[in-house]
């Protein structure tokens, strides 16, 4: 009896301990869920993506996706593993996410482990499959609502933000591109890209948590084309009258060439006042046979001809004003006037530049909010010349604080670790006083300057210069001078008007990459048109000094 009573008490004690253990576990789970920020969708790639993400079966997408660790970390991501390939993979969200109400945050990390010269690394947020696409056939034409992320190739260097919107009048889906988007960071570190869609019709673009661009969806100032079309458009059927004269000036029919106008006078004449410099060596040639040149042992006079030594500069000429026959230099002819032509006068028949008349735009509509299509999948559809692109921590949330929390816990530690490692490598290579110091600040400032709107036409070439300077810190001064020339030229144009001046910016040494653009905003390969030097070209002759 005592034995049975003991067993009963032991059983009750074990049950009590089990209940206590379950209770503690539940409390920990609840506390964990309370501390973890809410996310509509989150993909950390902590396990195999196969079966969860669908790789496109289209023949053009031959690039192989791999689950891989980020260099220097134990953190995994989705890796672009091969160069010069097209890639396409998609993840169904299970439930469509509305973009119409409240705040929506789109965020992801990407790292260019081998740098990025030509390629895209953006995400497409796709409409539901009822819009006419299948995951297995995901491609460039699959309908998306938003495309967001970095793209760099040739003159393209931007963080895209493109949204597609259905015109309620025409029924057409129109792509609206963010004007003057921020540039892509030009290093091999992990960066996090964030787009915050707000209920007040604004979107904010953040890079590494720092706001780089803010735009209003309804303002024509920020998107091209504007979401709300123009009220009127040029009449396509209007034709310019045959007698419409657009010439502001015409040749004066009554003008007569002056009698003293000599069209045959040369532009330059000999300077009769010029005197041969003292010490000029008339009898010395500018070049002499190279005394160190020797006839090759395998030279055959019968087959190769008579051997002649190569020429070299005459050392006597370097000590004198010049060598050879002296000739008087040329100067501008004061009597030169050139070919005479009729002067221009105001055209009495001038009517101005003809434009077709404006008619009401049949596609015009008004709206107080964008009518975004819901997103039901996330796709990566890119073409790139680089491998080593790593995507990670893809997030959709309805709270800015949640996105910030993920940045601080997933991206920030990696980024700081990578920066420290980069700094150590620079110090080991003797670059600690170079680009990582004063010059780094200069280039960071130049990247901010290049985003100024009135420099948009020159942005690709300026960025090309900055990137060359980052790779070759010893030419920083030259880079700054070149960019200052561009800035002064633009300012001159703004102050004095006229046609846009043509600015010549020094070209970089790296091969020209293909420019990227298509209807979906993705990168496409074009042929490299850079020319190769002719190794067999003869050396240039030393300039003559006879006219000095």
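Any Cβ shown, glycine's included, is placed from N, Cα and C.
Annotated features, as they stand in TrEMBL:
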COMPBIAS  234-259  compositional bias 'Basic and acidic residues'
COMPBIAS  260-273  compositional bias 'Acidic residues'
COMPBIAS  280-291  compositional bias 'Acidic residues'
COMPBIAS  539-548  compositional bias 'Basic residues'
DISULFID  118-153  disulfide bond
REGION    230-316  region 'Disordered'
REGION    504-548  region 'Disordered'
SIGNAL    1-26  signal peptide
TRANSMEM  475-496  transmembrane segment
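The DSSP breakdown of the region 'Disordered' (230-316) into helical (H, G, I), extended (E, B) and coil residues amounts to 4 helix, 16 strand, 67 coil. Panel annotation: around the compositional bias 'Acidic residues' (260-273), residues 328-333, 335-340 of the same chain, lying at least six beyond its termini, place a Cβ under 8 Å from a Cβ of the stretch. Within its own chain, the compositional bias 'Acidic residues' (280-291) has Cβ neighbours under 8 Å at 308-314, 316-317, 320-326, 542, 544-545, counting only residues six or more beyond its boundaries.
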